[in-house]
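Engineer: Sharing a structure here in structure tokens format.
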Amino acid sequence: EARRQRRLLLLVVCVALLLDNMLYMVIVPIIPDYIAAMRGGGSAAGPSAPAGGNESGSGGGNRSLLPARYPPAAGGNEDVQIGVLFASKAILQLLVNPLSGTLIDRVGYEVPLLAGLAVMFLSTSTFAFAENYATLFAARSLQGLGSAFADTAGIALIADRYAEEPARSRALGTALACISFGSLAAPPFGGVLYEFAGKRVPFLVLACVCLLDGLLLLALAPPCATGARANMPVGTPIHRLMIDPYIAVVAGALATCNIPLAFLEPTIANWMKDSMGASEWEVGLTWLPAFFPHVLGVYVTVQLAATYPHLQWFYGALGMAIIGASSCLVPACRNFGQVIIPLCGICFGIALVDTALLPTLAFLVDVRHVSVYGSVYAIADISYSVAYALGPIVAGQIVHTMGFAQLNLGMGLANVLYAPVLLFLKNVCQMKPSHSERNILLEEGPKGLYDTIKMEECKG
């Protein structure tokens, strides 16, 4: 029964992560036309339209499924508005994560996850009925608030329920695959529904799925059943985890490996149009093939980690080297077929890094601190948010002042230079879990309600 319940909880978390990333990307083909229509232009076509916006009329036209997400500003205020709108989610998530991690450590994982889903439902519903830029900005910021709780609590819940390897790596790998699928499937999903069913339908569909996911979580872990958390040990404060050198190395790797993805998404569409004359469908499908190598990378890393668990650091370093080499190859591409190859390499490398290092964070907390995971995965979420907060605002300016090739070479060099730093984690697997709260319970026997519950879970 406990095994079945944790599988259902894994399903709830995966759906929450899928929804968060779909909402993050579903507005990609919608927002430029949305803002233009609010201004009374009727469509995104015109002098201030982003590359890929080839519409005629507010309700029809040949709308690209994936126009430039954050077009570089050419002096127009609309481009700045779009960039700030996209960045607002990551910025608020970055600010809230230290608080959400601490709260999760104190009250448990289920209630913050439920609260995050409720906020995401409110955000998605607000998007559906937004009629001005201020409402869109509020909805996007609300999504950041919900993500700070739902994403962090969800990943921490997986780490807590899947305490043993290799089950923990498999469960976290499944969650990462859902994140990838949500990010890559959302733009076509949003573009098609927006084109044929109207602007509100994509958001209403996501809101309904979010509501159902919240109800399932409520059935599995009602708030009144979380009183046992009162006897749970207090997790290590987030500021102490941040100065742990091993955790700091992992957080730096997570931020660095996601910078190419975060910085290419807002810039590559315009570069493809300018350098290779890419068509609308080519721009729209740029990232879709990368889903398959990402899932392959997750699968390969999980299998390798099960056989050679002491080489987790090496899988992460290899992933960063692949990301660095792939990023440097992007400017050399001359057609759509060529550009897909390095993008697939980037996503494959990110899958290696994430799948290897996310379980490592939980292991570090187990052996060096207290086995409570809210704050440590808040640090991981902060690492992601740093990259995605800078991308929409900084990437276009870098391309404008230094060039697209220089941007890619810089990102590639950063990943290649950081890869050897992961050697610092080489001896992590040899650490003795003598200070782990989980193992102390096994050695000393149960002393209270929380300890008894943990003992029963371990036996199960």
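Every residue gets a Cβ built from N, Cα and C, even glycine.
So TrEMBL lists the following for this protein:
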type	residues	note
DOMAIN	9-430	domain 'Major facilitator superfamily (MFS) profile'
TRANSMEM	7-31	transmembrane segment
TRANSMEM	111-130	transmembrane segment
TRANSMEM	142-159	transmembrane segment
TRANSMEM	171-189	transmembrane segment
TRANSMEM	201-225	transmembrane segment
TRANSMEM	246-264	transmembrane segment
TRANSMEM	284-306	transmembrane segment
TRANSMEM	313-333	transmembrane segment
TRANSMEM	339-364	transmembrane segment
TRANSMEM	376-399	transmembrane segment
TRANSMEM	405-425	transmembrane segment
Engineer: Per-residue pLDDT averaged over the domain 'Major facilitator superfamily (MFS) profile' (9-430) comes to what?
Structural biologist: 81
Engineer: What residues in the same chain, six or more past the boundaries of the transmembrane segment (376-399), come closer than 8 Å to it by Cβ-Cβ distance?
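Structural biologist: Distant Cβ neighbours of the transmembrane segment (376-399) are 69-73, 79, 83-84, 86-87, 89-91, 93-94, 97-98, 100-102, 104, 147-148, 151-152, 155-156, 159, 238, 241-242, 247, 250-252, 254-255, 258-259, 261-267, 271, 358, 361-362, 364-365, 369, 406-407.
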Engineer: So, do the transmembrane segment (339-364) and the transmembrane segment (7-31) meet, by the test of 3 or more Cβ pairs under 8 Å (sequence gap 6 or more)?
Structural biologist: no
Engineer: Please figure out which one of 7-31, 171-189, 246-264, 284-306, 405-425 racks up the most CB pairs under 8 Å against the transmembrane segment (201-225).
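Structural biologist: Most contacts with the transmembrane segment (201-225): 7-31.
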Engineer: Is the transmembrane segment (142-159) in contact with the transmembrane segment (284-306), using at least 3 Cβ pairs under 8 Å (sequence separation of 6 or more) as the test?
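Structural biologist: Answer no: the transmembrane segment (284-306) and the transmembrane segment (142-159) share fewer than 3 Cβ pairs below 8 Å.
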Engineer: To the transmembrane segment (313-333), which of 111-130, 142-159, 246-264, 405-425 is linked by the most Cβ pairs under 8 Å?
Structural biologist: 405-425
Engineer: Under a Cβ pair cut-off of under 8 Å, which of the recorded stretches 142-159, 246-264, 405-425 contacts the transmembrane segment (111-130) most often?
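Structural biologist: Most Cβ pairs under 8 Å with the transmembrane segment (111-130) come from 142-159.
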Engineer: Is the transmembrane segment (246-264) packed against any residues at least 6 beyond its ends, judged by a Cβ distance under 8 Å, and which are they?
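Structural biologist: Distal contacts: 316, 319-320, 323, 326-327, 330, 343, 346-347, 349-350, 353-354, 357, 360-361, 364, 368, 376, 379-380, 382-384, 386-388, 390-391, 394-395, 398, 407-408, 411-412, 414-415, 418, 421-422, 424-425, 428.
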